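Written out below as structure tokens is the structure these notes cover.
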Amino acid sequence: MNYLFKNGRYMNEEGKIVATDLLVQDGKIAKVAENITADNAEVIDVNGKLIAPGLVDVHVHLREPGGEHKETIETGTLAAAKGGFTTICAMPNTRPVPDCREHMEDLQNRIKEKAHVNVLPYGAITVRQAGSEMTDFETLKELGAFAFTDDGVGVQDASMMLAAMKRAAKLNMAVVAHCEENTLINKGCVHEGKFSEKHGLNGIPSVCESVHIARDILLAEAADCHYHVCHVSTKGSVRVIRDAKRAGIKVTAEVTPHHLVLCEDDIPSADPNFKMNPPLRGKEDHAALIEGLLDGTIDMIATDHAPHTAEEKAQGIERAPFGITGFETAFPLLYTNLVKKGIITLEQLIQFLTEKPADTFGLEAGRLKEGRAADITIIDLEQEEEIDPTTFLSKGKNTPFAGWKCQGWPVMTIVGGKIAWQKESALV
């Protein structure tokens, strides 16, 4: 099916929002211009809505295989499509881990059979993510590994991390890191700060993250490896990454929507839906994340979509697993709380969720360019809705944002020229 989207707006090559039509033919973007006419194409009048590149998320947890009670490739990718994401990168903390030919081939077959959006799987750095034996990077790359990470845990052995970076560098691949120094975790379930003290909870200190990043940056410099930092959350981490970039070290970084919108002061009670890793930090950390995003220290926004069951989250804040769902709330949360409040521009938000992650990892995505795959998201910037977890397509309903009123909701997502998801009656 060919589509002609009429009367939309998009961000052009100069970063300006302008009027446009967009023609999709044979799964590709055929033309982006005003007043397009075309035969043999279904005309969809988007009536002034934003035509954006499909959103790109380099940090997601789909749980399959092994955690299908939390999420599946099918439910997770449908939730991603509803959130406007057309390309997502799946973390390897599944059971089994994609750490060898057999497991990666099985995962790729599942993706091919079930995914509603483009899914790029990470390969594990170490076998079973146990930290003691390196995987066969060459084989995992051959089978389509996006990059290498043990996300969910930090690689504790510096010699292992250095060896992994050297091998990844030879393959022109990135090493992606969840940064925690295990000796500093303190059995914590929240940030070590005012909230932990008030509620008598063990806290995770900020330095637990930043000291690990500092170590890895020096290792990346020694290995001449592209090193990407997951979900930055502390002022110290931002400072270390900024210094590394100024020194010319190949480091990039991401931040989550929840760390940009919330800090520990916003946690109303010992509610497990506010439990994520890294935890919500203090006000100074939150301000540093915004500053880091604006000055280029932090390159992109990634959701860290981490679904869990209601039963798992009902165990109380100390026993419940870390993580919140992110796909279906990301854009409206960021648009409402950052763009509408004048903290960043709409153009910047689009870049942080599209071209910046795509360019960082060399993906042919994130831009509406003629000849590229038609991965497109239509967004109604005027539409206001209340976040209602019961409407989530993800199996995970675990969100701290239930009841929040937000503007800027995706209404249609196109992947490879096919409609992957559409809001009922939004475009008629």
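The backbone N, Cα and C atoms fix where each Cβ goes, glycine too.
Per Swiss-Prot, Zn(2+) 1 binding site is recorded for His59, His61, Asp151, Asp304, and the stated evidence type is sequence analysis. Taken from Swiss-Prot, the feature substrate binding site covers His61, Leu62, Arg63, Asn93, Asn277, His308, Phe322, Gly323, and the record attributes it to sequence analysis. Annotation comment: Swiss-Prot describes Asp151, His178, His231 as Zn(2+) 2 binding site. Summarising the annotation, Swiss-Prot assigns active site to Asp304.
Around Asp151 (Zn(2+) 1 binding site), the same-chain residues at least 6 positions away in sequence with a Cβ under 8 Å from its Cβ are His59, Met91, Pro92, Asn93, Tyr122, Val176, Ala177, His178, Cys230. Taking the Cβ of Phe322 (substrate binding site) as reference, residues of its chain lying under 8 Å away and at least six apart in sequence are, in sequence order, Lys275, Met276, Asn277, Ala306.
A coil conformation is recorded for Arg63 (substrate binding site) in the three-state DSSP classification, outside any helix or strand.
Arg63 (substrate binding site) and His231 (Zn(2+) 2 binding site) have their C-alpha atoms 18 Å apart, to the nearest angstrom. For the recorded Zn(2+) 1 site, residues His59, His61, Asp151, Asp304 set the reference point as the centre of their Cβ atoms, and the other residues of that chain within 8 Å of it by Cβ are Val60, Met91, Gly152, His178, Cys230, His231, Ala302, Thr303, His305, Ala306. Sequence-ordered, the extra residues of this chain that approach the Zn(2+) 2 site, with Cβ no more than 8 Å from the Cβ center of Asp151, His178, His231, are His59, Met91, Thr149, Gly152, Val176, Ala177, Cys179, Cys230, Asn277, Asp304. Cα-Cα distance from Asp304 (Zn(2+) 1 binding site) to His231 (Zn(2+) 2 binding site): 7 Å (rounded to the nearest whole number). Residues listed for substrate, His61, Leu62, Arg63, Asn93, Asn277, His308, Phe322, Gly323, cover a largest CA to CA span of 17 Å. Sequence-distant contacts (6 or more apart, same chain, Cβ under 8 Å) of Leu62 (substrate binding site) comprise Glu71, Thr72, Ile73, Gly76, Thr77, Ile88, Ala90, Thr94, Val119.
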